[in-house]
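Novice: Please see the structure below; I have some questions.
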């Protein structure tokens, strides 16, 4: 069953040939659409191998692969808006751990998912690789326990 125009309202970036790339951190660029299967529990996974941010101390670029996994509830993130949102970090100065937590919190605010996790595999700098992991499970649901379990086992992946 195809989506109708009413279901696609609010999606303005996908298919737009005049894409404007943000020059600074832009959470407002994120767009969501309705999940047609809110009663099914399933994972959506995004692998974003070209993430870039700036070191807040030196201004030097940091590169990472960001992996986002979530179990949607009512809303889902539209992928082109996610791409542009992640691009908006290109001139944003923050530590790796901050970037991962900011991404997770912005996606929670947008979608209110049942569960979400964000993993950053940053390129080593000074001989040290930083791989922050942040997750969230909706309070009072089975996903709260899943978040705790995944947090303690995330390095076993």
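Placed from the backbone N, Cα and C atoms, the Cβ positions cover glycine too.
The active site, thioimide intermediate annotation in Swiss-Prot covers 55 and rests on sequence analysis. Feature annotation from Swiss-Prot assigns active site, proton donor to 62. As annotated by Swiss-Prot, substrate binding site applies to 77, 78, 79, 96, 97.
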Novice: Radius 10 Å, atoms counted are CB only; among the recorded positions 55, 77, which position scores highest?
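Specialist: The largest 10 Å Cβ neighbour count belongs to 77.
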Novice: Going by C-alpha positions, which of the recorded positions (55, 77, 78, 79) is nearest the residue listed as 'active site, proton donor'?
Specialist: 55
Novice: Looking only at 77, 78, 79, 96, 97, the residues listed as binding substrate, what is the longest Cα to Cα distance in Å?
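Specialist: Greatest Cα-Cα span of the listed binding residues: 24 Å.
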Novice: Return only the integer: C-alpha distance in Å from residue 79 (substrate binding site) to residue 55 (active site, thioimide intermediate).
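Specialist: That separation, Cα to Cα, works out to 26 Å.
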Novice: Would you please pick out, from the recorded positions 62, 78, 97, the one with the fewest other Cβ atoms within 10 Å of its Cβ?
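Specialist: So among 62, 78, 97, the recorded positions given, the one with the fewest Cβ atoms within 10 Å is 97.
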Novice: When the Cα-Cα distance from the residue listed as 'active site, thioimide intermediate' is computed for each of the binding-site residues 78, 96, 97, which gives the smallest value?
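Specialist: Spatially nearest to the residue listed as 'active site, thioimide intermediate' by Cα position is 96.
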Novice: Specify the secondary structure state of residue 55 (active site, thioimide intermediate) as given by DSSP, simplified to three classes.
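Specialist: Residue 55 (active site, thioimide intermediate) sits in coil per DSSP, no helix or strand.
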Novice: Tell me the coarse DSSP state (helix, strand, coil) of residue 78 (substrate binding site).
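Specialist: DSSP call for residue 78 (substrate binding site): coil, neither helix nor strand.
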